[in-house]
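If you look up TrEMBL, you'll see His17 marked as active site, tele-phosphohistidine intermediate. The active site, proton donor/acceptor annotation in TrEMBL covers Glu95. For 16-23, 29-30, Arg68, 95-98, Lys106, 122-123, 191-192, the entry in TrEMBL reads substrate binding site. Feature annotation from TrEMBL assigns site 'Transition state stabilizer' to His190.
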Amino acid sequence: MTASEGPTVGTLVLLRHGESDWNAKNLFTGWVDVDLTAKGETEARRGGELLREHNLLPDVVHTSLMRRAIRTAELALNAADRHWIAVRRSWRLNERHYGALQGKDKKQTLDEYGEEQFMLWRRSYDTPPPPIDDADEWSQVGDPRYALLPTELMPRTECLKDVVERMLPYWYDSIVPDILAGRTVLVAAHGNSLRALVKHLDQISDEAIAKLNIPTGIPLRYDLDADLRPQVLGGTYLDPAAAKAAAAAVANQGR
């Protein structure tokens with residue numbers, strides 16, 4: 001895919017939630033609803049400060065149904081003095097469901113199953129981990145926030161391909177109309193739901209997406225034309241040096 005040469009009609013800003021409790025503990029999190037650490041709160045506020053410093057002020061924010069993304073949006077918008085804008089939430093922006101790996105230590109999982117299997121579960125496009133049992137303490141079956149979600153849509157595990165497929169309907173139905181209306185749209189979500197969106201925007205191959213890491217708390221800007229093509233492939237981080245260092249840290253999780 002080549003970058004757009006047409007005029008910008010709207011701006012999309014992607015913000016991965018700040019460090020969570022389980023990020024800090026190096027645990028597979030997925031759909032488990034953990035909170036931000038103090039560091040994560042600071043990252044979220046800094047993300048909002050960057051928005052303000054670059055005069056990139058959102059008109060609407062879309063988040064998942066998960067505390068770490070919701071609180072990141074709140075903290076960032078407060079720092080940017082945009083706490084009053086419309087908020088839209090959807091399970092389709094949730095983190096990837098890590099199945100039976102949810103709650104497990106990444107280093108222990110790597111040691112138990114080996115590098116090849118670990119990376120296949122963590123980074124391959126179309127290989128999900130084993131499904132979680134409904135009786136598992138980290139299962140979301142019975143969670144009231146998903147009470148209206150049809151049973152057949154409730155995941156027990158996901159690969160990135162699954163995340164792309166469940167994210168795209170929300171992209172087209174809810175986010176795209178905001179962009180085409182000329183709004184600056186903030187999406188505060190998760191590493192894998194944002195990787196799924198970036199894959200779609202930049203038309204990244206199934207193989208190449210395995211190498212893409214999105215850092216916590218650093219806004220990533222996409223200016224899009226009327227055909228939703230980016231002016232700059234890969235977007236532009238508002239703090240490129242910090243983003244590069246943080247993405248490398250994400251890549252090394254589990255080691």
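Each Cβ is built from the backbone N, Cα and C atoms, and glycine gets one as well.
Looking only at the recorded positions Gly30, Glu95, Arg96, Lys106, His190, the one with its C-alpha closest to His17 (active site, tele-phosphohistidine intermediate) is His190. Here the candidates are the binding-site residues Arg16, Arg96, Lys106. The one whose C-alpha lies nearest to that of His190 (site 'Transition state stabilizer') is Arg16.
Close to the residue listed as 'active site, proton donor/acceptor' in the fold, though at least 6 residues off in sequence, lie Thr29, Gly30, Trp31, Ser64, Met66, Ala189, His190, Gly191, Asn192, Ser193, each with a CB less than 8 Å from its CB. In the structure as shown, the Cβ atom of His190 (site 'Transition state stabilizer') sits within 10 Å of 27 other Cβ atoms.
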